[in-house]
Amino acid sequence: MEAMNVEKASADGNLPEVISNIKETLKIVSRTPVNITMAGDSGNGMSTFISALRNTGHEGKASPPTELVKATQRCASYFSSHFSNVVLWDLPGTGSATTTLENYLMEMQFNRYDFIMVASAQFSMNHVMLAKTAEDMGKKFYIVWTKLDMDLSTGALPEVQLLQIRENVLENLQKERVCEY
């Protein structure tokens, strides 16, 4: 609605009204809560990614725990250091729970979040199913590949490896009819 007001005021040449409408829109957006979850398999670096987004480092008291073995046992929220309305959610990784993926999705209340899919080493069927769930909910998702330094340390050309990772992710998504182009 605000966009139409801005467009109309702009077409009418009413600059003060354009500015007023833009300011009002910014106020609304800055107060709108945004819940983002890092979703993926255990050990993919979701907690570390949250710390990086918050610029807190992984050893700070306010940081999610990071350990070699299943550090995240239950849902935890962390506020963004840059945007007060953004909450980053650290959930137990898929594969860490003893329940089915369907039960996991219900227990973790996936309908509450926007998604960042976190993967490393391989793009698993759990990632594909999480992406399918997000798409079925009408939500967009992003895929972040972590621990890339380890993947690129094999000596092959980085550009080739990055392209292979991208193609593998797209191929797996398209097999399950997720994000068809």
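Cβ atoms here come from the backbone N, Cα and C positions, even for glycine.
Quantities reported herein were computed from a predicted structural model and do not represent experimental measurements.
The domain 'IRG-type G' annotation in Swiss-Prot covers 32-181.
Summarising the annotation, Swiss-Prot assigns GTP binding site to 41-48, 66-70, 147-149 and lists similarity to another entry as the type of evidence. The secondary structure of Asp41 (GTP binding site), as reduced to three states from DSSP, is extended strand.
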Secondary structure content of the domain 'IRG-type G' (32-181), with strand meaning DSSP E or B
54 helix, 30 strand, 66 coil
Segment confidence, the domain 'IRG-type G' (32-181), expressed as mean pLDDT
79
